[in-house]
Amino acid sequence: MKLAIVIDGYYFLEKFGLITVIFALSLVVAMYSTLAERKIAGFLQDRVGPNRAGWGGMLQPLADGVKMFLKEEIIPAESSKFLFIVGPSLAILTACIGSAVIPWGDTIVLFGRTVDLQVTDINVGVLYIFGVVSLGVYGIMIGGWASNNKYSLMGAIRAASQNISYEIAMGLSIIALLMMTGSLSLRDITNQQHGFWHEGWFSWNFFSQPLGFLIFLVCAFAETNRTPFDLPECETELVGGYHTEYSSMKLGFYLFSEYINMFVSSAVMSTLYFGGYNYPGMDWVMEHAGPTWGPLVGVAALLGKIFFFIFFFMWVRWTVPRFRYDQLMNLGWKVLIPLAIANIVATGLWMTVKATYF
Amino acid sequence: MESLTNKKKVLEQKPMTLLERMYLPAIVKGMSITFMHMFRKKETVFYPEVQREFSENWRGMHSLKRDEQGRERCTACGLCALSCPAEAITMISAERKKGEEHLYREEKYAAVYEINMLRCIFCGLCEEACPKEAIYLDGPIVPADYLRKDFIYGKDKLVEKTIEGVNA
Amino acid sequence: MAVFYLVAFLSIFFSLLVIFSKNPVHSVIYLIITFFTFTIHYVLLNAQFLAIVNFIVYMGAIMVLFLYVLMLLDLNVNSEPVKSSLMKIAGIVAGMCLLVTLAGALKGSGFLPAGAHEEVVQRPNLGLVKNLGQVLFHDFLLPFEVSSLLLLSAMVGAVLLAKREPREI
């Protein structure tokens, strides 16, 4: 017996449509994140931000894109040409494939068919996200090394050591969460957080794992190379970091992949800790809105959470100054990892006590 | 070493308390401050549509003045060129001919008067040195250009436009 | 089966490239691709957990460190020391010994235990996390804990080695 997936035409069509929609969504969100970043930077600094291209600057991302495409393409003569091109491609590839396992909504009835709003529900979804995140550093490393420039190399090395250090704390913070959920599938984890209130306590994981969430949040900042941990592209020390030598759309891909990463990690955070597509009073809405519109409200709730986290990323960027490199390493190895292990122990103790006495 | 004054103040750096080492309270405080700034009044001046007033003692582009009858006031004495610390002003003087009384107020006038705007530091010393009140730095910002030679402004750009009806 | 042969061909092809490429950084990158083909093998064997762990640990962590170290090296051809032929012969002998051992081990096990293939195909849930965890923490608890102790001691040893000795004043 082969894998029991009945691949009929409609199944293929709906998956294809879903992938297209998610891909387009993450690109559009990333595009407008660049505008939002500049707008929010402006607002936080008592300015208005870009407002010339289109109404209130709405066409600014398009203008930036056109500018990026039309710029001269420079490949350094002493660089390793193939790897120089592979670098940004890998960066954008790994950024885009992360969204495949995220459940974007409950099962929805569309045109008389029940559709899962998730590209694939593999039962190691959380680990898949980790794998993709850990792969993301190759784009930066290969690009930085292939540039044959000492600043790029420094940026690449910083990115590598930073990502590896924070991946450990991130994994440990997730383990405490997985101990409570008992599943690696993101859909299971989301369904366990149904509604908002369950048996006398909030059902969202954030309220049972606040420390784990905090560690995960800090690590997410480090993994996406966002300020306060944007040392790989620290322009005061390293000119442009790993993308010093890049120009044109290759540079655009690097910048763009950062925003897609931000989108995906926001989605992961809201799925793991903030209930994904669940929201208070969803049973009532589901009853009254029917099986088509009810889940769509859930999708909107998830998107709302994602946008809040993207805003949070930007808010932090324009508030907190950059860490120094030794501070970064101290925080990762001497603070976050012990904290994460303590969190695991505390969670284990609490679960044992709960199982024994309640 | 003994300090020369008693004004020296030693900054005491205490080791951080646990709360301070957690960073988080400080970060939350900073983020609340930046969040409040979102609702402040925006300081942006929308430049091409809205132009900010120059201040009263603003010194911009030079202009060579005319008197009430529209005659050039400059007598080419050279005091402005002498006082100029950047040596930006050059001039060639000429004598007023018969029949040119309606053009030049004094018997001697500047046939060529050039200011190199790349050298000028807009200090206003020429304005102070002028005995005839002929030069003032009351113009707008000197516009940008592509060639160095285009920054040497002659009389065509410097002299005030003739007043309508007085001198045509 | 066609997929298996394609992936197997790719793994052998890229592992040969690891050996034959002149530039160490290129070698490491080929090695990463080789590990990726291994991941596909695991997926074909229904071992999802092993596949993803191989992906994270080998591709995502260990090879990053390999690359990290290699990037810091001076990769000029001039600085490459010429290896003596004695070393080469020793290398060939050692490699052949390994090959013989592997072949012997495979032959001893009779290539695959009878019915292993059917086992994998008939129980698609064999490699899932739950079953793997049951086996690891039930049947193989002692070896599992011993190997974790081994890793812990290795980690402590590495920290001790890396730590700067306190300077005597």
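Glycine is treated like the rest: Cβ placed from N, Cα and C.
With DSSP classes pooled into helix, strand and coil, the tally for the domain '4Fe-4S ferredoxin-type' (B:65-94) is 5 helix, 8 strand, 17 coil. Positions annotated as domain '4Fe-4S ferredoxin-type' by TrEMBL: B:65-94 (among others).
Sequence annotations record features per position, and here TrEMBL assigns [4Fe-4S] cluster 1 binding site to B:CYS74, B:CYS77, B:CYS80, B:CYS130. Listed in sequence order, the residues of the same chain lying 6 or more apart from B:CYS77 ([4Fe-4S] cluster 1 binding site) and placing their CB within less than 8 Å of its CB are B:PRO131, B:LYS132.
Just so you know, the Cβ of B:CYS120 ([4Fe-4S] cluster 2 binding site) picks up 22 other Cβ atoms within 10 Å once every protein chain is counted. Secondary structure at B:CYS120 ([4Fe-4S] cluster 2 binding site), taken from DSSP and collapsed to helix, strand or coil, is coil. For B:CYS84, B:CYS120, B:CYS123, B:CYS126, the entry in TrEMBL reads [4Fe-4S] cluster 2 binding site.
The annotation domain '4Fe-4S ferredoxin-type' is assigned in TrEMBL to B:111-140 (among others). Residues 54, 58-65, 72-77, 79-94, 105, 148, 151-155, 158-159 of the same chain sit 6 or more residues outside the domain '4Fe-4S ferredoxin-type' (B:111-140) yet have a Cβ under 8 Å from a Cβ within it.
Excluding the listed site residues B:CYS84, B:CYS120, B:CYS123, B:CYS126, the same chain places B:CYS80, B:SER83, B:PRO85, B:ALA86, B:ALA88, B:ILE89, B:ILE115, B:ILE121, B:PHE122, B:GLY124, B:LEU125 with Cβ atoms within 8 Å of the centre of the [4Fe-4S] cluster 2 site Cβ atoms. Note on proximity: of the binding-site residues B:CYS84, B:CYS120, B:CYS123, the one nearest B:CYS130 ([4Fe-4S] cluster 1 binding site) is B:CYS84, by Cα distance. Candidate binding-site residues: B:CYS80, B:CYS84, B:CYS123, B:CYS126. Fewest other C-beta atoms within 10 angstroms, B:CYS123.
Less than 8 angstroms from the CB of B:CYS74 ([4Fe-4S] cluster 1 binding site) sit B:LEU64, B:GLU106, B:TYR109, B:ALA110, B:TYR113, B:LYS132, B:ALA134, B:ILE135, each of them six or more residues away in the same chain. The binding-site residues close to B:CYS80 ([4Fe-4S] cluster 1 binding site), defined as a CA atom within 10 A of its CA, are B:CYS126 out of B:CYS120, B:CYS123, B:CYS126. The Cβ of B:CYS130 ([4Fe-4S] cluster 1 binding site) has 20 neighbouring Cβ atoms from other residues within 10 Å, across all protein chains displayed. On the 0 to 100 pLDDT scale, the domain '4Fe-4S ferredoxin-type' (B:111-140) averages 90 in this prediction. Sequence-ordered, the extra residues of this chain that approach the [4Fe-4S] cluster 1 site, with Cβ no more than 8 Å from the Cβ center of B:CYS74, B:CYS77, B:CYS80, B:CYS130, are B:THR75, B:ALA76, B:GLY78, B:LEU79, B:ALA110, B:CYS126, B:ALA129, B:PRO131, B:LYS132, B:ALA134, B:ILE135.
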